[in-house]
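Remarks on the structure that follows.
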Amino acid sequence: FSNLFGTAYKKGNIAFTPHGNGLLSPVGNQITVFDLKRDEALTLEVKSFHDINNIAISPSFAMLVAINEVGEASLVSLISGSVISVYPLRHPVTVASFSPDGKLIAIAKGHIVMLFYAPSENRLFNHLELYRVCYGFTDDVTSIDWTSDSKVFAAGCADNTCRIFSVHKLKKLLVYGLSMHKNPIVGAFFYEESLDLLSVSSDGEVCTWEATTPLEDLQSNMNEQEKVLFKLVKRYRHIPASDAGAQGLLTAVAFHKKLRLLVSGFDSGLLMLHTMPDFTVVSEVRLFSRLVTTLTISRSGDWIAAASDEHGQLTVWEWRSQTCYLKAESHARHMTSLAYSPDGLHLATGGHDAKVKVWRVASGRTLVTFSEHTAPVTAVAFPASKAKVVVSASLDGTVRAHDLVRYRNFRTFTVPTRQVQFASLAVDGPGSLVAAGSVDTFEAFVWSIQTGILLAVLSGHTAPISAITFNPDISGYTLEMASVSWDKTLRLWDLTGNTTDEHNPSSLGNTKEIVNFLHDVLCVAYRGDGKELALALLNGDIVFYDPVEGTEKGSISGQRDLGVSQTTDQDLVTPKRSAQAKRFQTIVYSADGEHLLAAGNSKYICLYSVPDRVLLKRFEVTCNMSLGGVQEVHDRRRFLATYGSDAIQARVLDKTSLPIPASRHGADRSSRQWRPDVLVSSVQFSPTGDAFAATTTEGVLVYSLTAAGSGCGISSYFGCSHDHSGTWLFESVGLDEQCTPQNARGALADARYGQALDIVVRLRLHDLAEEIIEGIPSDQVDYLAQQCPVHHVIQFLFPFLARQLSGRSRHVEFYIHWTDALLRAHALTLRRSAATWALASRKSAEQIAQEKRNKHPELQTPGLLVERGEWAACQASLIRLQSSLNRVKTNVIQRYEAVDNLWHYLEGVVNLKHSTRTNQDIADKPSANEFTVTDVSGLPAPDCNDLTQMETDQTVPSNQPVVMNKKKKKKGKPCGNEIETEISESIFETKTRSPMKAADHKKTKHKSRRSFSPTSIQAQ
């Protein structure tokens, strides 16, 4: 598992990292970290068995506590991102909060508050040790806040009260209750370095309480009989200025102690900011269309993060500048399909919310969202040769082509004669044709992308078309397309001939072959060479078919590989019977055609070996029990207790009130619970060959090969020091006592660059590698690249350079120098190793045995890249490196084009101003033979011998003649160069003129061209 994106927020509270540059958001049973500085997103693989509801970050130790909806607390290390331990609380938790000193953590479990000793660097038998339990509430606790010295905390409750507890036994304060609200408490907060606090209820009422004893005098024994008292000072009420008459309920609140800034969120999506204690309105903004679920403020107080669980929206608001710093939004409903761009940098998804989203694969962030469709999007696709075009099909009867350069819908394909619904989509390799299959008319339609004309209507299926695809082999003279349907047939179409009438779409497309099967065909995929087809049937089988020979090559029975599961306890179908209905709904070939990915209505993604027809690995997409279809083994006693005869008779006799469908058993029968079923709607291999992605109920899951230097660690997201260092996910091969970050920095300081680079490559810490490599002088790069071993270049430096050039670093020229030096030094060795490995992999067992008997060492060693996974990772790194270099080249070309356009614009301004000045000078100049610039052709030839020399220091544009000798006119014939000199006068002319030679003037001319740097042009 590499990353999860497509889901920004699901439920629970959100939290900023200690240094304020990262934001943690729970997404199902995992946690996504948004890096606000680098614009990246990384997912912590917590693997909780239920959805995470509460998260809390320790202020003093690199640790995170994540608590799910059933009360299991997972302790996660912020250095490695791994789960340290799981503590069962055995009850749902409403709120959790660390003390400011990080020594205690308060966890509200129902109507009690439990104080635990927080984990520290010391060795403990139990990571969470209970200290004391605080009672006195009659309903669930909703908020917890601590004083600055971590000795007192306040807990707000849903019973309209707020109670103040001392952590240790104090004679002046033990427990104090505040009850002036008429509605449940949403939040209660202390002021900084004080016992004064404020409480906020759900009706928008704010109460300010003042303590009679200062915080520093709380432990004083001077007046032992005097107790701490709290009195109500002021009461306020939220009234939005925009719609004061329609005030909603307050659903979330946050308070910054240093700034005394109160942030309130309402169920209408409104966000209000007030300064306390005078309750002055600072700002008012509407971030969402639905309720604000949770709020949090960064430590500096500059950013306010808000989330809404209605559509999975997450927003970071910078209230000083009134700008939205981050806006992440999930698909409102399930995703239906995905597609990789040909360069592997972007990924497009379509969902039931009628939107098409394009994501950056490297950062996991949204690039653009297209919302032109009016019905669920059923399929998306990229042309194989065009990475800036994405095509989508929808149930609204349209196929739309979107431009990723100008971010617009530039073409819409429809059927002019009737309204149809499209459920499948395919684009040919060159990107000239697009085809879509309908579910209501049982036809396939082919359009031209360039013209938008409907070229063909392919009829013949008698049931909805489930999938279509083009043959990727374009070496021949035919254009072949395959379509499968619920009518148990596969049809191969020839789209090349019989195009006699372009106004008759039925004249294009002949059925080459019809193949019948025993079951409905759900999906189809071509192998990369176009000589094999894989089809998934309704009974769970995968059939391989040769379209050239017209024969079936084999099959895989994959129904048992999908697993056994039961949707709910109320499901009347047994798990064994339910497993018979599972099937594959999406399949895809790998680039080499030797592996096949298949997935469907199951929690497993199956990887098969095509030559051997065996299952290689099953990837479990989730273990979240909050989803249906995850649990494989059910408790038979619960099943009998629900459907036994005694239970049925008891339900018949107890005719009280019928529960609402999908409601939970308990006192509140109006709370509806909905458990979505786990499924995989689409899988795709990355063009780089080292990863694949799948759209699931949880979001887009990305699985990739382990690549060192790819930035898989998370410590930099949380501001950990370099001593706790970058990514502690390294291999222990080649490590010794001298391989430490301190020794690497010491070697760099002593100018021992080779030793520093060697330590960095062995440790494989991304942040440390970035620090050391950027500290190496550029004149040492060529020498170090030649001395670096090849396996270090393959395993670390290529992935590291690809990541740095993909936009992570601004030192583009420096890393391009490293790339050029490494490729010049090791490209020939890599090519020979790859060729030798390819020859060795194609040898038969008999040839290998014969070579061993001959004992030829040059034939026995296949080369450096002996493992297939290692070669795939190297190839993927080179592809990513090539994509990054192409991106850099495109940006440089665009920048130079902008500079060139600006220079032409300035030349035009110069010419226009000179022509205006020249016309005025000539019109005002007294002369016996009067003339104008427009009548230059009619002038007599001048006498150049009667002129005197005059020099100037002006700089002229390149398209104007440079005349250095400007002479005064005497009696005689006028000189033609005089008029040319007057016209070539520049606006850059200075008042003080100095003599200059022609050569110096030419240098000044070129210097003026180079002076327009991108920075100065941007300033202009």
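Glycine is no exception: its Cβ is also placed from the backbone N, Cα and C atoms.
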Candidate ranges 945-982, 983-1020; TrEMBL annotation region 'Disordered' resolves to 983-1020
Averaging the pLDDT values of the repeat 'WD' (458-495) gives 86
Residues in the repeat 'WD' (458-495) per DSSP class, helix first, strand next, coil last, are 0 helix, 19 strand, 19 coil
Long-range CB partners for the repeat 'WD' (328-369) (under 8 A, at least six residues beyond its ends), listed in sequence order, are 3-10, 34, 38-43, 311-315, 375-387, 390, 392, 394, 396, 400, 402, 404, 407, 676, 681-682, 684-688, 693-697, 699-700, 702, 803, 806-807, 879-880, 883, 886-887
Across the repeat 'WD' (370-412), DSSP labelling yields 0 helix, 22 strand, 21 coil
